[in-house]
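> I have a structure I would like to understand better, so I am pasting it below and will then ask my questions one at a time.
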Amino acid sequence: MSPKTETKASVGFKAGVKDYRLTYYTPEYQTKDTDILAAFRVTPQPGVPAEEAGAAVAAESSTGTWTTVWTDGLTSLDRYKGRCYDIEPVPGEENQFIAYVAYPLDLFEEGSVTNLFTSIVGNVFGFKALRALRLEDLRIPPAYSKTFQGPPHGIQVERDKLNKYGRPLLGCTIKPKLGLSAKNYGRAVYECLRGGLDFTKDDENVNSQPFMRWRDRFVFCAEAINKAQAETGEIKGHYLNATAGTCEEMMKRAVFARELGVPIVMHDYLTGGFTANTSLAHYCRDNGLLLHIHRAMHAVIDRQRNHGMHFRVLAKALRMSGGDHVHAGTVVGKLEGERDVTLGFVDLLRDDFIEKDRSRGVYFTQDWVSMPGVLPVASGGIHVWHMPALTEIFGDDSVLQFGGGTLGHPWGNAPGAAANRVALEACVQARNEGRDLAREGNEVIREACKWSPELAAACEIWKEIKFEFDVIDRL
């Protein structure tokens, strides 16, 4: 039987407008194991009290609206409303605080990131009483996460498929990202894979343009993969971007990739959308395809410190929606990413259980139970001199992706790939021997240069290249 609830129909209805905090600010509330918890960074308009702003966020992202309505009496708000249960000031900020909101599980459709985000980060972000609003973190309870398939395969299954263990995987984004014909594109793929890389990759905006239609690209890349595998004896792959203008077209491309026998496809999960991504992830699990995820458009959402949504939330959403790889920044390259913050959401992608750790931006303890993990991909402005730091920061369960750092080699694509493979193997061996890569990394690379002319040439060409700018999004 459903629980007995008191409704307004039985106690009378009083029209009018009242403060949100009278209903939605509940500091005495004890959160439940089944609640979805959210941490919002709230910047209210001048004159709006913290409690009212926090309650407004809880109301407008759950059951509330701007005035009392008669139909409130037909249900139990106490059962379904979001609750602002705690508020804490942000150190160093005069008019900013973290509002903690608890949402009952019944507010959300099972297995739908789309519905989850429509509620929690929907209209409330345009609310006039707030100057800015940012979702910093979500706690997804096992009762909800178990309604999702999650990644198609996960880290261990991918390693077993590739028969590659004990080191990061190596990749390369084919450049120039736009303009190559399909045959020349396939040639670049072959050279990189033959030179020693595990994967090559379509760039995020390579779909099906007049200069290179998707079917032609898929065919030439499959030929390149097969040829490189035959010559090297290693399993190879190319991230064939299945992203398209419709879900039907996306699935058609994924089906063709499977028919070609390639091991992995790719999707732009933010521009493509969570519904499309989840559909593709289900297809990939059912048909043995790995799924690489690009995060194109993420910085529009997550780069500003005061408004939007932190990438750790997008990372959790991706793990639920489904993907075996996702781009996660580099810390040392050309793209935004502070070390502690990056490692915080990298753990949220890979590990089963992550403790609350505010020093790394993790607001809630997260238990993924048995959901497979996602490999973080470090990509963007990295080269051989970064290899020791990348190996030390990301560890074995990662993909290190060098686009310009492979194709920009003065001797060509295959030597560029060889240079990266030698640098990686040298760093892994040094680490396994107990050497400190953070302190001795450059020495490790120089030693490897003595027996690898390809690496020596790469080290010479990129010895002065650095991307040293202040990080915008700090803790």
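Placed from the backbone N, Cα and C atoms, the Cβ positions cover glycine too.
Summarising the annotation, Swiss-Prot assigns active site, proton acceptor to LYS175, HIS294. Annotation comment: Swiss-Prot describes ASN123, THR173, LYS177, ARG295, HIS327, SER379 as substrate binding site. Among the features that Swiss-Prot reports, Mg(2+) binding site is placed at LYS201, ASP203, GLU204. Annotation source Swiss-Prot lists N-acetylproline at PRO3. Annotated N6,N6,N6-trimethyllysine per Swiss-Prot: LYS14, in sequence order. Here Swiss-Prot flags LYS201 as N6-carboxylysine, drawing on sequence analysis. For LYS334, the entry in Swiss-Prot reads site 'Transition state stabilizer'.
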> Going by DSSP, give the three-state secondary structure for ASN123 (substrate binding site).
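Its secondary structure by DSSP: helix.
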> Could you tell me which of these binding-site residues, LYS177, LYS201, ARG295, HIS327, has the greatest number of Cβ atoms within 10 Å of its own Cβ?
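Within the set of binding-site residues, the most crowded position is LYS201.
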> Which residue, out of the binding-site residues ASN123, THR173, SER379, shows the minimum number of other Cβ atoms inside 10 Å of its Cβ in this structure?
ASN123
> Which of ASP203, GLU204 has the fewest nearby Cβ atoms, counting only those within 10 Å, among these binding-site residues?
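Across ASP203, GLU204, these binding-site residues, the one with fewest Cβ atoms within 10 Å is ASP203.
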> Check the active-site residues LYS175, HIS294 for other C-beta atoms within 10 angstroms of each C-beta and report the one with the most.
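In terms of Cβ crowding, the pick is HIS294.
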> List the residues in the vicinity of the Mg(2+) site, defined as same-chain residues other than LYS201, ASP203, GLU204 with C-beta within 8 angstroms of the site's C-beta centre.
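These residues sit around the Mg(2+) site: THR173, ILE174, LYS177, ASP202, ASN205, VAL206, TYR239, ASN241, MET266, HIS294.
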> Taking only the recorded positions LYS175, LYS201, ASP203, GLU204, which one has a CA atom nearest to the CA atom of ASN123 (substrate binding site)?
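If we rank LYS175, LYS201, ASP203, GLU204 by Cα distance to ASN123 (substrate binding site), first place goes to GLU204.
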> Show me the subset of THR173, LYS175, ASP203, GLU204, HIS327 whose Cα is within 10 Å of HIS294 (active site, proton acceptor); these are the recorded positions I mean.
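So the list is ASP203, GLU204, HIS327.
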> Whole-number answer please: how many Å between the C-alpha atoms of LYS177 (substrate binding site) and ASP203 (Mg(2+) binding site)?
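The Cα atom of LYS177 (substrate binding site) is 6 Å away from the Cα atom of ASP203 (Mg(2+) binding site).
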> In whole Å, note down how far the CA of LYS201 (Mg(2+) binding site) lies from the CA of SER379 (substrate binding site).
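About 11 Å separates the two Cα atoms.
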